[in-house]
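Annotated features in TrEMBL:
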| type | residues | note |
| --- | --- | --- |
| TRANSMEM | 12-34 | transmembrane segment |
| TRANSMEM | 41-62 | transmembrane segment |
| TRANSMEM | 68-89 | transmembrane segment |
| TRANSMEM | 101-121 | transmembrane segment |
| TRANSMEM | 141-162 | transmembrane segment |
| TRANSMEM | 191-212 | transmembrane segment |
| TRANSMEM | 224-250 | transmembrane segment |
| TRANSMEM | 262-280 | transmembrane segment |
Amino acid sequence: MTCSLDIFFLEAVLNGILLAGLLALLSLGLNLVFGVVDVVWICYAELVMIGMYAIFFAYSTLDLPLPLAMLIGITFTALLGVALHMIVIRPLLDAAPINQLLATGGVLFLLQAAATLAFGIEFRNIGVHLGSASLGDMFFSWGRIITFSVALATMLGLRYFLRHSYLGLAILALSQDRHVMPLMGADSRRLYAATSALGGGLAGLGAALMVLQFDIYPQIGLQFGPLIFMVCVLGGLGNMLGGFVAALVIAQFITIGSSCFATEWGYAIAFLFFILMMFIRPQGLLGARS
């Protein structure tokens, strides 16, 4: 099946931009944590999954209003992020990177098992259908439109917070040199905890937007985890602007490839591009060469 520059191709491009909003938002928290704590949370997508289940439980079981259920999910994942740092990451801050990866990888399977025991393997959803918006002969999911808008606002808000607040400036300074900051009187442990809470909260925000578009099941992290990691690495680990650019690139490969060929081909092309770029520019699109 050949692809021509017609209305369907334009629709695929625009849907790719909207999909990039979700990927950029999901990578935002992981990039923030790595940029400050210098540890990759391999289990980050599972935090998103736990956040989705928390929202589902609050909305469907406790019968709370959806906005309140989303707030509970965001708060829960923020606290989970702090717990992850205190229990797993902090004892391994000076350990070899492979030990950190193995530890967070173990948390990945622990969270999957916990979700399976608590909710089973069935696909669940909150039963909210937002429909789609039309532009001529093109159709766009309201879920993706809302997600892109929230992702853009979140990135701008986070940038403002990091550059214009005392806590944000302290976090930025810690990301530059975590050994010097304690000598200047900063409590690095509290800053790490605050960063982990912020990273976990961003995972919860991603979960709040994903429940509007996707079913919830214990292995959903395996679907989005590789994409999140790929976006972070391609953009340059710890570079939040690079993550947004990488999300745009990856999302275009997925949507255009899926439109021209098949969904599987869209993902295959995106991963092939990622592998090629790791040979050409291993530090990422906007990463600094070490």
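Each residue, glycine too, has its Cβ placed from N, Cα and C.
Nobody curates TrEMBL annotations by hand; they come from automatic prediction.
Residues 22, 25-26, 28-30, 32-33, 36-37, 41, 44, 47-52, 54-56, 70, 73-82, 84-86, 89-90, 125-126, 128, 130, 143, 146-147, 150-151, 154, 158, 167, 170-171, 174, 181, 220 of the same chain, all 6+ positions outside the transmembrane segment (191-212), place their C-beta atoms under 8 angstroms from a C-beta of that stretch.
The stretch in closest packing with the transmembrane segment (224-250), judged by the count of Cβ pairs under 8 Å and taken from 41-62, 68-89, 141-162, is 41-62. Sequence-distant contacts of the transmembrane segment (68-89) (same chain, six or more residues past either end, CB-CB distance under 8 Å): 33, 37, 39, 41, 43, 47-48, 50-52, 54-55, 58-59, 62, 100, 103-104, 107, 192-193, 196-201, 203-205, 207-208, 211. Stretch with the largest number of CB pairs closer than 8 A to the transmembrane segment (41-62), among 12-34, 101-121, 141-162: 101-121. For the transmembrane segment (262-280), same-chain residues at least 6 beyond its ends with a Cβ under 8 Å from one of its own Cβ atoms are 230, 233-234, 249-250, 253-256.
Remote same-chain partners of the transmembrane segment (12-34), defined as residues 6 or more beyond its termini with a Cβ less than 8 Å from a stretch Cβ, comprise 40-41, 44-45, 48, 81, 138, 140-141, 144-145, 147-152, 154-155, 158, 195-196, 198-203, 205-206, 209-210, 213, 224, 227-229, 231-232, 235, 237-240, 242-244, 246-248, 250-252, 254-256, 258-260.
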